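Listed in TrEMBL:
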TRANSMEM  335-354  transmembrane segment
TRANSMEM  361-381  transmembrane segment
TRANSMEM  387-412  transmembrane segment
TRANSMEM  432-454  transmembrane segment
TRANSMEM  460-491  transmembrane segment
TRANSMEM  523-541  transmembrane segment
TRANSMEM  839-858  transmembrane segment
TRANSMEM  865-885  transmembrane segment
TRANSMEM  891-912  transmembrane segment
TRANSMEM  940-959  transmembrane segment
TRANSMEM  971-991  transmembrane segment
Amino acid sequence: MKSGGTRLIKFIVNRKILVGLLTVLVLILGVYSLTKLDEELMPEVSFDGAYVAVTAGDMAAIEVERNITTPIEQSIIGVDGVEDVSSTTNIGQSSIQVMIEKGRGEDVSKEIQTIVNSVTSNVSGVTDVIAEQVSMSSSYEFFMDVSDGDMDEMTTFAEEVLEPRLEELSEVKDVLLMGIQEYEMVVEFDKEELAENALDSSQVISVIEQASTEATLGELTGEEEQPALRWETDLSSVEDVANITIPTQTGFIQVDDIADVSIQPIETSSNVWKEGSKDFIFVQIGRTADVTQIEMADAIREEIQKIKDEGLVDEFELNELVAQADYVEDSINGITENILIGGIIAIIVLLLYLRNIRATIIIGISIPTSILLTFIAMWLLDYSFNMLTMIALGLGIAMMVDSSIVILESIFKKKEQGLTALDAVLKGTKEVASAVIASMLTTIVVFLPIGLMGGDVGQFMVILSAVVAITLISSVIVAFTIIPTLSVNFLKSRKEKKQKEGKLIRSYGNFISWVVNKKRHSIAVIGIFFLMFAGSIFLVFKIPMTIMPDMLNRYTELMVDLETGLSIDEKNEVAMKVSDTLEEIDDVESSYIMDEGSMFYILINMTKGDDITTEQKEVNENILSSLRGLADDFPISNVQSMASMSSGQPVQIQIKGEDFEQLQTLAGSVANELEGIEGVVGITNSIERTSIEKVVELDRKAMEDKGVTEVQLRPFIQQAFLDMPIGEVTTNEDTVPLVVKWNEEVDNENELLDLTIPTMEGEERLSAFIDLQSVDTPNEISHLDGERFITVSADIENTDLGTVNREVQSMINDMDTPSGYAISAGGELETQQELVNDMILIFVISIFLVYLVMAVQFNHLAHPIIIMSVIPMAFVGVIIGLFATQRELSIMSAMGIILLVGIVLNNAILLVDRTNQLRREGISANDAVVRAGKDRIRPIFMTTFTTVGGMLPLALATGTTGNYQAPMATAIISGLLFATMITLVLVPAVYRTFNAIGSGFTKLFKRKKKRQEVVEDQAI
């Protein structure tokens, strides 16, 4: 630091009142900010994407693709700002995902909504349309049930009390009830009675529809106000429908003469199971965008208590099942506890090294001040307390004492040399100021390229990086203000006395002298460390890999894919067996199964606290293996976990092409290859699940002979399967659907073909004019940017994603594919590869930025290279640490590695900066290296062990977010410890080698110059 910097420090220490008042202001604003920061599980981030879902009854997948998916895709692809369009088409369902250019999500999503509404308005059979921008928050984050009572009473309570009361809360967006008892009014036609009265079902349906209509018939223009003339008739009971009059050829009859009219429970309304029972109502609650999970949970719980106090919960139970807010609080509380313990450990380590209570108190004051300053910045940036920002705070707090320690240790050392308080502060701060600033900058710049990381993970990592950077900047501000100010008055002056050199420092000095005195010794040390780095690379493949770690919250979600065409009774049988299986698994407390058509969505609660007997990872594996084992005896096609943050199964291989048969052949080959990869289980492909359709083939000659036309045949066949809503009836303030159907169903081919149809020559069996051919049709059709593809999916068991990824990539490379077809990895495999590429790019840019900062700081091109020589050794430590602990190499541990790059350079900067100072004082390079090491060994050890101590609780974390904290902290601790020990040996060796090379070049240039001068003299 130049003289201007010295004057600034002098100004600060001479303005103690100003520093004190500013500190008080930070404390006040920091506490205020603390009360204003929201608490949530993950930070709210914006997604530039849109989601489209169109429901179309039982329409075949191939028909949905042709009429809905493809027209929407073709229109969306042409929209400006759309990057990628992918879709999945199922029976009666089209789902389309749209990736949008960054920053244009809202505007493009509105245009997509217009397109979707326009396309679907022209398609008959569409029952529901959703088109919206993708949101971070889950649809539902609070779950309850109403159970142990009469279903009618529970349904009335849920619909008339619970749902409206909760939806009135400002924190609640919507409430979804599943399993309520619903009814419909059914008119069951008797075919024989219709035939005797020469009636057609369509005639009767038309009469019933007309009996409950509202219409404007015209205007009475001759009257003064010209009132409109309206027709209003309604139906309000079974009797009203039964007594409707129907004209026939022989007179008038009533509906009940040809049909039975009754109110019946809807069979498909109760589509949830609680531990095998269907006699309960499942309640899902979603929050509004401007509140947190905790705020919503508090509001719901308060309202539920009011409902219970009013005596509205009677003869049944209202139970809370899962609240996301509890996981938020558990996560934040667990991380907060680890942070506090880490801070205490760091202070204890510091006290043991300094053996000075006053110096330790000064550091102790700087920590909360830096934290509160960080809170102020987070509040101003509208950040929240969430899992990522809390982990970032934990990492930052472990490092924030480094700047204060270096400055305080330097001041402390000057006081030990007998300098006055002010001189000790000025000279001590000046000596390390440059190194402290350089260390802070190098740690921060490694995070700048994080913004280049794409996708959702990139947005999360930017927030984590920003909080770490804010924490470090806050700590440096405190280190240059509060530390010097307190040191002037609070640290006691010491009389000058000669300090005896410790045995450790003396031994270290002797060893470094041996290293630098001979060039071959330095080269040998460098070579040994290079071999260590090269050897450690082979351990990388032994480290488990994943993208984002699982959240261990004693709760999991599953998707169970079912075979097609299952009846309600068959689904009920499967659900009962799944429930029985789950009950037998240790630590499974309760389960809830929801029927989602072609699959079951299952929520599973596990035991907590003292009741835990099995780790969650093992419970998850037991659940998956047990349910997959049911596939041999029950119509279950696949079981997959939703525990990770990704969607779908981790292994997804995409096969692109147009012909379904060729795609099926390639999918079979891929599936066979996957079966040979250890740890790959639950292999399915999206096209193997097909439905059998019966296609009507007309005998046109027979039709011509009997005078039968297609216009006559098609509606006749449609009427054979009559089961349709034709309106609504309001009975006792309840509105129920009005449905017409036959009293006897046609449910097989023979019954259909045996039907008789009137012709010009009398009645004929339907089989005389048609034949039915069986055709397989896919249940699922996938598109990517309008091109068909199928996905071969699988889960992994007792292995990691990285190992499987390497095997899959090798498999794909070895496969031969026909022209026009392509095979590639998708899902988590693709995401992992993209993240690896992103992290490599980020690391390269980070290294360059670090070099740039240090080159400017030291005004030297070689010194940054000397400092950066420790980075490979940090990687050795990381690899050894993750391998020894078997922590996963995930995006979180990768972030720890990037952060580690900045941390490990701090010690090398201290060493090189001190060496340069000594050389400027006239000391030789070799002696300066030895002395610098002896001078800086104490602050290097102090900063290292305080950082390690601060992060140790994070590395040992086992709670809800343990999988997020532990790998990152383990990577930093192991890399830092190893690199620190190496720094004290490797940096001197590299410095000595570079200095020797530089001296060699200098001598070479001098000799050349001297020869040139001799030649010039001789020429003269």
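Every residue number used here counts from 1 along the chain in the order it is shown.
Any Cβ shown, glycine's included, is placed from N, Cα and C.
Where the annotation comes from TrEMBL, it is an automatic prediction and has not been curated.
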* Structure fact -> For the transmembrane segment (865-885), the distant same-chain contacts (Cβ-Cβ under 8 Å, at least six residues beyond its ends) come to 526, 529-530, 532-533, 536-537, 539-540, 542-543, 847, 850-851, 854, 893, 896-897, 900-901, 904-905, 907-909, 912, 967, 970-971, 973-979, 982-983, 986-987, 990-991, 994
* Asked: So, does the transmembrane segment (361-381) come close enough to the transmembrane segment (891-912) to give 3+ Cβ pairs below 8 Å, pairs being at least 6 apart in sequence?
  -> no
* **Annotated stretches the transmembrane segment (460-491) and the transmembrane segment (971-991) touching (3 or more Cβ pairs under 8 Å)** => no
* Asked: What stretch in 335-354, 387-412, 523-541, 839-858, 971-991 has the biggest tally of Cβ pairs under 8 Å against the transmembrane segment (361-381)?
  -> 387-412
* What same-chain residues lie close to the transmembrane segment (523-541): Cβ under 8 Å, and 6 or more beyond its ends? -> 515, 803, 806, 869, 872-873, 875-876, 879-880, 883, 889, 982, 985-986, 989-990, 993
* **Same-chain residues at least 6 beyond the ends of the transmembrane segment (387-412) whose Cβ lies under 8 Å from its Cβ atoms** => 41-43, 331-332, 335-336, 338-339, 342-343, 346, 350, 354, 356, 359, 362-363, 366-367, 370-371, 374, 378, 424-425, 428-429, 431-433, 435-436, 439-440, 443, 460, 463-468, 470-472, 474-476, 478-480, 483-484, 487, 491, 892, 896, 899, 903, 906, 910, 938-939, 942-943, 946-951, 954, 961, 964-965, 968-969, 972
